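Below is one structure; the comments refer to it alone.
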Amino acid sequence: MELHILEHSLKVASIEKEGIQICTHGLIKLAFLASKTRCKFFSLTETPEDYTIIVDEEGFKELPQSEHISVADATWVALNVVSGGSNTSTSQPIGVTKIAKSVIAPLADHNISVFMLSTYQTDFILVRERDLPMVMHTLSSEFTLFRVVNGETVAAHNLGVTNGFVKPKLGKLPRPIIHPLSSPSNMFCVTSLDPDTLPSVATLLMDVMFYSGGQKESGASSEDSNHIRFFSFSLIEGYISLVMDEQTTQRFPNNVLFTSASGELWKMVRIGGQPLGFDECGIVAQISEPLATADIPAYYISTFKFDHALVPEENIQSVIGALRTESAAQ
């Protein structure tokens, strides 16, 4: 297996709902007019609390300075696991549970915090740039390491652990699930579309992203208090990924959105009662390891305040049961 260290220097930020209007121009440019920017990595996820953006430094320049934007205090680097020698963006989804034991758990054992972004195409593991030497040291025995430099994939030399500081290895300690879990009633689709068709649905996507959520959400909540607003759009190196609930997908014209061969629907496990923060290690491992043991595939999307795992609809009850059993056992 190969581990690719992508060349993007990334910012993770939160935009308050009440401040989204002042950011809309820049966000629309990043999502729909990417050729007019130098941005290669852009992701926008709306939750009931806020919008989370993950964007490279060039893309971040498109956003205004505002008191409504909170930026995580670190530069992040994206890692991508690739089977064989296939291109990172065209490889099939590996799923966070497939890398739980080989990547997520070892990093947690070494006290390294991760921020996850699963897309239709692949899974990105974000780590702080300052942790990269320790990440490479930790994973070099399991993976062939490569770095992407100016678009070319080259062998990565182990940087070693610099400046004499080694994070304490926690060892394979039990990882109790300490954060509350909930499962909204929505069913979700993980999908994509051909970038060439993006202009034809741009108006619809803008409405979904910025304008229709509040009104529809209030209507949904009156019928179902367990229905949440969640929408994720990623445009990374030319590939589009969308995560939205089933009702939202029905607004799109036929044959525009890609689906898996099974047309699978996904249910969400939402992790956290209070905002999780960025310094706690092992949250992704707490969730992904039990799922990996049960061989249940999952997408995982971290946001500024909470984490979200998507599992196949038919597995949701067993997943919640397994995770709560895991929590109770500890």
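Using the three backbone atoms N, Cα and C, a Cβ is placed for every residue, glycine included.
The annotation domain 'CASTOR1 N-terminal' is assigned in TrEMBL to 9-69. The domain 'CASTOR ACT' feature in TrEMBL is assigned to 73-140, 263-324. Annotation source TrEMBL lists domain 'Cytosolic arginine sensor for mTORC1 subunit 1/2 ACT-like' at 179-261.
On the 0 to 100 pLDDT scale, the domain 'CASTOR ACT' (263-324) averages 90 in this prediction. Sorting the domain 'CASTOR ACT' (73-140) by DSSP state (H, G, I as helix; E, B as strand; all else coil) yields 24 helix, 18 strand, 26 coil. Here the domain 'CASTOR1 N-terminal' (9-69) is broken down by DSSP into helix, strand and coil counts: 23 helix, 21 strand, 17 coil. Look at the domain 'CASTOR ACT' (263-324): DSSP puts its residues at 23 helix, 16 strand, 23 coil.
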